[in-house]
Amino acid sequence: MTATGEWLALLALTSLATHLTAGAGFTAQSFALGGVVATKLVPSLLFGPLAGVLADRFDRRKVMVTCDLTKFVLLLSIPFVGQLWWLLVVTLLLELCTMFWIPAKDAAVPNLLRSPAQMESAAQLSLLVTYGVAVVGGAGLFALVSKVGPLFGADQATTVYAALCVNGFAFLVSALVVYFAIPEISGRATEAERRHAPPSMLFLLRDGYTFVVRTPLVRGLVVGIVGAFTAGGAVIATAKLYASSLGGGDAAYSILFASVFAGLAAGMAVGPVLARRVPHRRLFGSAIIGAGGSLVVVAMAVHLFMAIAAVLCVGAFAGVAFLTGLTVIGTEVADGIRGRVNAFVQSLVRLVLLGAMSVVPIVVGVVATRTVTVGDTALLVDGTRFVLAGGGILAAVVGVVARRQMTEEGAS
């Protein structure tokens, strides 16, 4: 429920940012959209481990309940203020709550299991729910509210406010369930557990960089993953404004958003089948080239269904690339550095994805809407199309570079 609420909040907050700045023009909407995502990125990047250490000093159940209740109050406050500055403040505070909630939840999971052997399955289930079921649930719920709202005469902003209220009550229910139904998760981290707190993302990136610059194989992997997830992040970041250019509203935005993750899941499912027929190193680079080419198709789409199909392909190719990259790390990277390379790659994926989601809307705002003349016909093209096309071409070039580096390393 909480994971679904997180995705619903992201969709609603980014959508509301564009509605609150609708009168200020396309550029202002782009900057507001990028500002919301950037506000979500910075706290976890800089203070994630610190929040985890602080959360470990308090009772886990109380931390989770307090965070959920705080989110409930914050989300319900947005309709009463109705200003962009408060939306950004709430986004920051929500992210801080999430930073405390996640380590408390992760530490509580072993208390709910019958044996330590179930930890791996629990971790896999958590990933499936967070990046699969919850994404589809959050996007579907937002699309439903977006369609039902106008039936009662509500405008777009009011409909988003309703979605935020639904979201807030979901966190309230989560707090009540945690407090009354699962008291066994109470407890604090031991001193030994505190000493083994996870390193910060900045530390992982700095530590992993030393291996990247020395190893062509890992360097090719990193270059390729940056390209693949920049493409995916570009789609997510522009989805709201892009949906508007296709004549769609918040429901179309939800569908495009969910399509990226649906494609990602499909790509990770078919990746092992493709890997049995194509060498891993070649498959990795080819998948990134495919993601870039699909992104160019997204930029050229003139109909929502065409756009959804192309977005699914972007996600699928990115999923194949990510799974293949992890397979290469597991089979071809030396055991002594494999853990650090894995941590580096996973941290980089998150940073690139969120970074693209933050920066791309700002670039779209700078590019703005331009007139393109084809023969005697003048076409009005918004900035999302230029940025998506440029991102697709860049991702394809990166895929070529990654494949060349990795195949040359394999031949040497």
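Any Cβ shown, glycine's included, is placed from N, Cα and C.
The feature domain 'Major facilitator superfamily (MFS) profile' is assigned by TrEMBL to 1-407. What TrEMBL lists as transmembrane segment is 84-104, 125-145, 160-182, 217-239, 251-271, 283-302, 308-330, 351-372, 384-402.
For the transmembrane segment (283-302), the neighbouring stretch richest in Cβ pairs under 8 Å, chosen from 217-239, 251-271, 308-330, 384-402, is 384-402.
Against the transmembrane segment (384-402), the recorded stretches 84-104, 217-239, 251-271, 308-330 differ in Cβ pairs under 8 Å, and the greatest number is found for 217-239. Remote same-chain residues near the transmembrane segment (251-271) are listed as 11, 15, 131-132, 135-136, 139-140, 142-143, 146-147, 232, 235-236, 239-240, 242-243, 283, 287, 304, 307-308, 311-324 (criterion: CB distance under 8 Å, separation of at least six residues from the stretch ends). Panel annotation: around the transmembrane segment (308-330), residues 217-218, 221, 224-225, 228-229, 231-232, 235, 255-256, 259-272, 274-275, 280-281, 283-284, 287-288, 290-291, 294-295, 297-298, 301, 338, 341-342, 345, 349, 406 of the same chain, lying at least six beyond its termini, place a Cβ under 8 Å from a Cβ of the stretch. With a cut-off of 8 Å between Cβ atoms, the residues of this chain six or more beyond the transmembrane segment (217-239) that come close are 33-34, 37, 211, 253, 256-257, 260, 264, 281, 284-285, 287-288, 291-292, 294-295, 298, 311, 314-315, 317-318, 321-322, 325, 328-329, 332-333, 341, 344-345, 348-349, 352-361, 364, 384, 387-388, 391-392, 394-395, 397-399, 401-406, 409-410. Mean model confidence of the domain 'Major facilitator superfamily (MFS) profile' (1-407) amounts to 80 (pLDDT, 0 to 100 scale).
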